[in-house]
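Data first, discussion second: the structure below is written as structure tokens.
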Protein chains: 2
Amino acid sequence: MQVLEGDAAWAALTRSFNDIPVPDAVLARIQDTFGEALSPEAVVRRILDDVRRRGDEALLDWTERLDGVRPAALAVSPAEIEAAQVDAPLHEAIRLAIWRVRDFYEQQPAHGFLNHSAQGALGQLVRPLGRVGVYVPGGLAPLISTLIHTAVPAQVAGVPDIVVATPPARDGTVHPAILVAARELGITQLVRAGGAQAIAALAYGTASVPAVDKIAGPGNLFVVIAKRLVYGHTGIESLPGPTETLVVADDSADPQHVAADLLAQAEHNGAEPVLVSTSRELLVAVQAEVGGQLEALPEPNRSWARDSVLSRMKVVLAADLNEALDLANLYAPEHLCLLTRDPWSLLGQVTRAGGVFVGEYSMEALGDYVAGPSHVMPTGGTARFMSPVNVRDFQNIISVVGLNASVLRQIGPAGATLARAEGLEAHARAIESRL
Amino acid sequence: MQVLEGDAAWAALTRSFNDIPVPDAVLARIQDTFGEALSPEAVVRRILDDVRRRGDEALLDWTERLDGVRPAALAVSPAEIEAAQVDAPLHEAIRLAIWRVRDFYEQQPAHGFLNHSAQGALGQLVRPLGRVGVYVPGGLAPLISTLIHTAVPAQVAGVPDIVVATPPARDGTVHPAILVAARELGITQLVRAGGAQAIAALAYGTASVPAVDKIAGPGNLFVVIAKRLVYGHTGIESLPGPTETLVVADDSADPQHVAADLLAQAEHNGAEPVLVSTSRELLVAVQAEVGGQLEALPEPNRSWARDSVLSRMKVVLAADLNEALDLANLYAPEHLCLLTRDPWSLLGQVTRAGGVFVGEYSMEALGDYVAGPSHVMPTGGTARFMSPVNVRDFQNIISVVGLNASVLRQIGPAGATLARAEGLEAHARAIESRL
């Protein structure tokens, strides 16, 4: 691993926001599936248009074509949800995760206000959205935690109606751990569909899938593109894509722990771990540790972690902790881990990140499950302008204007002056009609 | 005007979110400008790509082609901002509007939290965005209020860097009233560019225009489409398009006032006023009043208002106020005006709107200027999932996880169980490395 310093480090951690990178494997899969070299966006547009036009039939066709199964029913039945079982430790862990995420979001200040004065009242009503779609990606394992970390903030916000979409397994089932989590959450609407076709169904609605007001949750490249394209028809909470972690460590950090945290990131297929340290000795020690721990991982995690480490991991030597934090803010990572002598003292300097993991006992891996805050956080540098999933994402604000005759006399003429300056005579007259 | 009731009313106020309507005049203008029948989206893509590739030159070319002027400099100079003057009443009205909007947003609860306990600390940091773009539409008159109602909430949020884009007049100038408002706001960065080309410049950056983290503000069809298309590269606060008002009135309402409020909406070119009343007598009286007040308006407001009233205004007779509010929530209007005997008693039933204007002295026209809350509100039914411009739009949340060894021992094993259920062995080991 090459150690970057100074200008080279700044250049390496400066992101371009102009393109979502498309891995070659994705292009190859498109060529295989469609027989032509379409862009991922062209594929997604085709899927969105088709589901919008043909509804459930299109949803089933694309599920068959892309996920290799044509489910007998798109909706999971209440009996299936009821019957699902997992072993006791996992069941207890699911309950603990739900409890901790709920407890965290119940602490978020998310109220409106209505301030009465001599002028009347002005304020903001805060209202939960009516219906929210939660996307739970598929893949090799059930992403139980993604369901919990997306649905719970929506429930805390007061959303009455949550629809979960997740790709079915090859036999058409949804993994029992997902069903158990849904049951524990009181969620009864689950749709066996994933990818862009699921986003289309949630945005436009089909006979089996009700159209939702907002779609939340992470996904692969096609899901992210689909969310971008339906934005405006439907609300989108953010565009979380491939996960990423930036660790800031000084000479007090334990190389074993730093390496473990980097590998926890690296084992995601395609991940991009970043280590920024003020200590050259630590960088050397971590590299040795990463090598050793890597070899001890089972497959396929070992291969993915090795690929992440060899192909994409960035290692930076910073002049001091100020430069380290500046680099972190420049990169705007999904996860920022502070493994330094006095990590709390750095918090005030953090301006761009999804989540900050402060100190030795707050490893990001814990945040993925039971720490409390949602693990659905902005990636790809979008932490410049997006936030982790939170209660605000599932609420609307409604402004309230309730003035009286007395304040109208004071401010009405200025309002009419501005209206006329903007050429809006009927606006001026509507104000003057009450003066 | 046909009076709609029952199912016909429900059908008329149910919106389709699947397409942004494209007026024939827009298609004709595209044909004129481009010599071919492009969709507005195709036009916007062409402009976005060009500005992204060629920067300032493209921005100037499109400004010349679409706005009929090629400004000598894209940036407005400090001397121009300093020299701008308007007459004293307008200057005072601008100051009042800024003061009232600022005072309102300073009341919005928008803080984070960091709760310490026996487990350590969990919380959310709240950070202002770094740089925000404010789009101020052009047209026949300077939209002073749009600048104020977008920039002030960003300033209250603490955004240090605001860039305003607005189309220049035919002589290349920006209207002095806009410059005076900018000066009063302490804004020094103004770009002479509008339309999709301005959105492209703010999203991607050019030599003269710095790329921003988020773009706020209303615009025409091309601006709204451009904002949708750059979403993801850049943050977007909402997609405010053509304005709209729904008035709920009972038999206590003054027909003169109801008519004045409807016409204040109708004078916007292409507006869609809606009146829902429980009183047939009121509907009849309002229609007569609208006719009279309409004729008294100057041109071009009269023609636009007449077109809105004749072509798009909807008049509904509701069975009772409950049905009236249900219809209002279904429609999810930008502006909801409550002109009833006891308007405050209805507030609890309002679930979908941009702003609620409560009672006789809170006419929406006042809200456009000096009431306090931003007049930039969600239109087209997007109040289902979007909010008026507010302080939250200009802040990011960063989750904070700062746990200690004691809680890690309690919850770590459950975290490792979940990680293994999701196939993430290195996550489990990162947790266990500290147990």
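Backbone N, Cα and C define each Cβ position, glycine as well.
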Since TrEMBL lists B:Gln265, B:His268, B:His335, B:Asp368, B:Glu422, B:His427 for substrate, which candidate among B:Thr206, B:Thr234, B:Thr243 does it give for that site as well? B:Thr243
Given the recorded positions B:Glu334, B:Asp368, B:Glu422, which one's Cβ is surrounded by the fewest other Cβ atoms within 10 Å? B:Glu422
Around the NAD(+) site (B:Tyr135, B:Gln197, B:Asn220), what further same-chain residues have their C-beta within 8 angstroms of the site's C-beta centre? B:Pro137, B:Ala165, B:Pro167, B:Gly194, B:Gly195, B:Ala196, B:Ala198, B:Ile199, B:Gly219, B:Phe222, B:Val223, B:Ala226
Roughly how wide, in whole Å, is the group B:Tyr135, B:Gln197, B:Asn220 that binds NAD(+), by largest Cα to Cα distance? 13
Listed recorded positions among B:Tyr135, B:Gln197, B:Glu334 whose Cα sits within 10 Å of B:Thr243 (substrate binding site): B:Glu334
Using Cα positions only, nearest of the recorded positions to B:Asn220 (NAD(+) binding site) (B:His268, B:Glu334, B:Glu422, B:His427): B:His268
Lowest local Cβ density among B:Gln197, B:Asn220, B:Thr243, B:Gln265, which the record lists as binding-site residues, within 10 Å: B:Asn220
Round to the nearest Å and give the CA-to-CA distance linking B:Tyr135 (NAD(+) binding site) with B:Asp368 (substrate binding site). 16
